[in-house]
């Protein structure tokens with residue numbers, strides 16, 4: 001049996017550079033890239049070399065810290081202005097993932113009261129490292145809460161990749177499957193391929209197989225038949241942004257799975273950290289939806305599969321209405337139904353815990 005957690009980390013800090021697992025090359029090639037400046041970091045995020053909301057946040061935090069180390073000035077005011085400009089630059093790399101803004105803003109806030117440039121540089125590194133350490137703990141706790149919703153032998157459908165390589169470790173939607181493996185429970189995962197970038201086919205199946213988790217790959221248009229024929233007991237997905245009312249932006253195709261779950265009468269779960277919940281965004285209507293390069297649809301592995309000049313609509317995300325979501329699973333617990341009241345309460349609980 002494979003070691004359940006023998007899974008490559010997606011991001012590492014190495015003092016003079018950031019090392020990332022190039023998720024664009026998986027599963028055929030396991031390639032690690034060295035990001036040596038802020039432009040490398042921006043490109044890695046925008047080009048999906050690193051992806052998954054928490055991993056994006058971690059990488060951006062390290063990118064901000066790295067750029068700060070490379071900026072030479074004795075003026076603390078000029079240094080902070082440089083950090084703020086870098087923050088805005090990195091924030092432009094992916095407009096939907098709220099973890100990106102959360103991590104960058106956390107680093108900017110961490111140097112609000114420093115007294116020197118050297119102190120600011122050290123603080124930024126420590127804060128970025130802290131974000132990664134905290135995310136690993138958060139993901140494990142999400143997995144423990146999620147696992148309480150499953151029984152031995154359950155067959156669970158997921159989309160995209162909300163796994164270990166999308167986070168610091170364990171993942172969000174995939175975390176319960178690693179913990180089930182650890183505890184000797186048998187859960188079978190059905191992974192939707194996730195067109196057009198194929199994160200489910202390339203990434204989810206790859207990392208689950210590395211850990212010896214039972215996984216079956218399906219194409220996106222097989223979901224309804226799979227739920228019916230394979231007796232799927234639940235759907236679990238990650239999230240890139242959750243609005244205050246529970247509306248959830250996630251990889252394109254998630255909304256369709258939620259509709260299918262409702263039609264078949266099975267639970268539809270969203271697993272995400274508190275940092276993905278954006279209380280300033282009241283509903284899903286306010287969430288910007290990134291539209292990506294048409295070639296992601298018209299080409300596969302560099303080969304054109306559609307006529308030259310065809311019109312293409314390529315949204316990277318869709319928004320699942322809150323009334324289709326059975327529960328939102330966070331590190332602080334499971335929220336069901338009354339999201340406008342219960343989601344803010346999670347943050348109040350977090351604030352009380354930090355004050356103790």
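Using N, Cα and C of the backbone, Cβ positions are placed for all residues, glycine too.
A coil conformation is recorded for residue 240 (active site, proton donor) in the three-state DSSP classification, outside any helix or strand. The Cβ of residue 240 (active site, proton donor) lies under 8 Å from the Cβ of 53, 96, 97, 98, 99, 249, 250, 251, 276, 317, each of which sits 6+ residues away along the same chain. Among the features that Swiss-Prot reports, active site, proton donor is placed at 240, with the record citing sequence analysis.
Every protein chain shown contributes to the tally, and the Cβ of residue 251 (substrate binding site) ends up with 24 other Cβ atoms within 10 Å. Residues or ranges marked as substrate binding site in Swiss-Prot: 51, 52, 53, 94, 199, 250, 251.
A coil conformation is recorded for residue 160 (site 'Transition state stabilizer') in the three-state DSSP classification, outside any helix or strand. The site 'Transition state stabilizer' annotation in Swiss-Prot covers 160 and rests on sequence analysis.
Using a 10 Å Cα-Cα cut-off around residue 160 (site 'Transition state stabilizer'), the binding-site residues 52, 94, 199 reduce to 52, 199. Under a cutoff of 8 A between CB atoms, and with a sequence separation of 6+ in the same chain, the neighbours of residue 52 (substrate binding site) are 10, 161, 162, 163, 165, 166, 167, 171, 238. Reduced to three states, the DSSP call for residue 53 (substrate binding site) is helix. In the three-state DSSP scheme, residue 199 (substrate binding site) is classed as helix. Excluding 51, 52, 53, 94, 199, 250, 251, which define the substrate site, the same chain contributes 56, 97, 160, 161, 162, 166, 238, 240 within 8 Å (Cβ to the Cβ centroid), listed in sequence order.
In the three-state DSSP classification, residue 251 (substrate binding site) falls within a strand. Residues near residue 51 (substrate binding site) in space but far in sequence (CB under 8 A, at least 6 apart, same chain), listed by position: 23, 45, 161, 166, 199.
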